[in-house]
Amino acid sequence: MSVTENITSVLNELGNTKLICVTKTVGTERINEAIKAGATIIGENRVQEFEEKADGLLPCEKHMIGHLQTNKVKKAVEYFDVIQSVDSLKVAQEIDKRAEAIDKIQEIFLQVNIGNEPQKHGFKLEELRPEINEIALLKNVRVTGMMCIPPYVSPEQARSYFKEMKALFDEIKIETQEKFDNVDLKELSMGMSGDYRVAIEEGATMVRIGSAIFGDRKY
Ligand SMILES: *Cc1c(COP(=O)(O)O)cnc(C)c1O
């Protein structure tokens with residue numbers, strides 16, 4: 001199957017759920033093929049890799065989905081429409097500072113470590129509420145969603161994590177709605193090539209799909 005055929009069938013299947021076309025390790029030409037076939041948002045996980053490929057990309061919305069080191073924040077704020085992978089207060093503060101310097105309001109999602117895995121990035125469940133209170137004070141960020149990567153298990157086993165994430169998202173959405181001007185939770189980004197169908201059933205508004213579009217990645 002070609003990239004064009006894969007995009008067409010994924011988009012048909014998704015309906016109203018938004019597709020983040022994950023383009024890490026994929027070259028500019030094939031990314032453009034995906035955009036021509038109807039992908040409107042791309043997801044990259046390394047600032048430098050994106051930078052090398054950005055020239056010649058067709059117009060599209062750009063989302064950062066990989067862990068962000070503080071020293072990469074300046075460029076990330078220049079390049080990306082949404083940073084989905086904000087996983088600490090420190091990174092959020094740095095984004096705020098860099099966004100202020102270029103007079104931008106940076107849209108961000110909070111990445112949640114839904115499986116409480118020690119090796120994984122993301123806010124721990126118990127950290128989330130106190131940290132949001134701090135992030136809400138930042139003037140140049142706007143929190144519009146949450147993102148998670150569940151533990152590496154089968155799609156059916158992932159279902160309980162997606163369910164838990166959706167419940168948490170709904171609770172925090174209600175808690176923050178009236179309270180903060182710059183927190184407006186709309187998007188729940190969860191589900192990848194192997195488990196996006198389950199994620200959609202459990203309430204994802206956005207799925208991040210790479211290999212089901214471009215084939216297996218070769219590193
Ligand atoms: C690579 C990646 C994806 C896509 O993974 P596939 O299994 O290829 O669909 C989604 N989200 C993040 C954060 C990724 O790094």
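Every residue gets a Cβ built from N, Cα and C, even glycine.
Look at TrEMBL and you will find 3-217 tagged as domain 'Alanine racemase N-terminal'. Annotation source TrEMBL lists N6-(pyridoxal phosphate)lysine at Lys24.
In this structure, Lys24 (N6-(pyridoxal phosphate)lysine) belongs to neither helix nor strand by DSSP; it is coil. Within 10 Å of the C-beta of Lys24 (N6-(pyridoxal phosphate)lysine) there are 18 other C-beta atoms, taking all protein chains into account. When averaged over the domain 'Alanine racemase N-terminal' (3-217), pLDDT in the model lands at 97.
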